[in-house]
Each structure stands twice: as C-alpha cells, then as structure tokens.
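Here the structure comes first, spelled out in structure tokens, and everything after it is commentary.
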Amino acid sequence: MWTHRVFPSLAWVVPFGISASLFGSLMMNMFQLSRVAYIAGQEGQLPALFHMLNGHSSPSLAVLLFVTIASIAVISMDLIELINYLNFVFYIWTVLSMIGILKLRRQEPDLPRPYKVFLPFPLVAMAVSLCLVLIPLVKSPHMYYMHICLFILSGLLVYVPFVHFKWKLAGFQTMTCHLQLLFNICVPDVSDEPTSEAERVKKKAAF
C-alpha cells in the first residue's frame with residue numbers, strides 16, 4: 001500500500017524483492033537441512049543412507065526426504081498454520097544451536113575452527129529467538145504449541161533405542177543395499193573430501 005501511494009510506478013519492486021528473498025531463503029534451507037541430515041548420518045544419529053552421496057557429490061536422499069516432507073505438509077495443512085509451526089520450531093532450533101556454540105566455546109576453546117563466530121552474535125541471536133518463542137506462548141497460547149513440543153520430544157522414541165542403545169532392525173542392512181542401488185549412492189571416500197588450507201600446504205611441502 002505504501003509503495004502504491006508513494007511510488008506507483010515502482011509498486012512491483014516490493015513483491016519482487018520479497019519473492020526473491022523467499023526463494024533465496026528456501027534454497028539456503030534446502031542446502032542447510034540436507035547437509036545437517038548428511039552429518040547426522042555420519043555421526044550415527046540417522047541411518048547411514050543419509051551419509052551417502054551420488055555421482056555429483058550431493059546427499060540426494062536427504063534432499064529427497066525434505067522435499068517429500070515439505071510437499072506433504074504444504075498439501076495437507078493450512079498454509080498459515082504451517083508457517084506458524086515452522087517459525088516456532090525454527091526459533092527453538094536456533095536457541096539450541098546457539099547454546100551448543102556457547103557450550104563448545106567454553107568446553108573446547110582450542111578446537112580448530114574454520115570460522116570463529118564473534119561471541120556477541122550467538123548471544124544476541126539466542127536472546128531474540130528466545131523472545132520469539134516465549135512471547136507467542138504468553139500472549140496468545142494455543143494447543144498447537146503443545147503439539148509442536150510433543151512432536152519434537154517424540155524424537156526420543158527413536159533416538160533412545162536406535163542411537164543410544166544402538167538397536168538394529170532385522171533386514172535393515174538389506175534394505176540399505178537395495179536403496180543404494182536404486183539411488184546410485186555410496187559412502188564418500190575420505191580421500192575425496194576437501195581438506196583445509198593448512199593440510200594442503202603440508203602436502204605440497206612434503207611433495
């Protein structure tokens with residue numbers, strides 16, 4: 001409305017900018033979530049299938065999983081409720097991620113880091129995200145916030161037996177082999193993974 005009244009000839013710029021921003025955010029989230037699943041598979045927190053790459057060095061199974069889940073959610077749910085759900089989960093995730101950064105910075109101060117985050121940034125991000133989690137709970141409490149928390153905690157039903165106690169399902173290894181053949185994926189070779197600049201300098205010096 002503001003652009004229509006002040007800059008009528010440029011009224012299309014604002015929706016175009018919003019659309020471009022949303023598209024960029026969607027692409028970033030797709031790359032981010034697929035790589036999070038890739039690392040979770042590497043650490044044994046998800047099935048090993050998610051730690052496998054295709055011929056283009058892409059975790060295609062992780063990407064396919066998130067695209068499928070997102071498509072089902074968009075088709076089966078009201079869009080406004082879905083946005084509220086995702087925002088709430090995203091800010092909880094941000095708070096936990098910032099706590100993890102601060103915990104590692106305190107417990108492992110000398111850990112090699114390709115990029116060291118300036119400490120006030122995670123503190124500010126955690127404070128803002130915590131406000132965005134608590135304000136809706138206090139100002140307009142709804143049952144779906146409780147449903148979201150229960151859904152997040154339901155992950156313990158899978159984590160405790162299969163990750164903590166390392167239970168194995170019968171026939172899961174066979175299913176893994178069939179899915180590898182179907183999606184043409186395999187565990188990446190360590191020698192193919194990128195190395196740091198210091199390691200490349202050492203290799204050149206040794207050569």
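The backbone N, Cα and C atoms fix where each Cβ goes, and this holds for glycine too.
According to TrEMBL, the feature transmembrane segment maps to 6-26 (among others).
According to TrEMBL, the transmembrane segment annotation covers 61-80 (among others).
Here the transmembrane segment (86-105) has Cβ contacts under 8 Å with residues 111, 117, 119, 122-123, 125-126, 129-130, 132-133, 136, 145, 148, 152 of the same chain, all six or more residues outside its ends. Look at TrEMBL and you will find 86-105 (among others) tagged as transmembrane segment.
Listed by sequence, the residues of this chain that lie at least six past the ends of the transmembrane segment (117-138) yet keep a Cβ under 8 A from its Cβ atoms are 87-88, 91-92, 94-95, 98-99, 101-102, 105, 145. Per TrEMBL, the feature transmembrane segment maps to 117-138 (among others).
Below 8 angstroms of C-beta separation, residues 44-45, 81, 84-85, 88-89, 92, 136-137 of the same chain, each at least six residues beyond the ends of the transmembrane segment (144-165), sit close to that stretch. If you look up TrEMBL, you'll see 144-165 (among others) marked as transmembrane segment.
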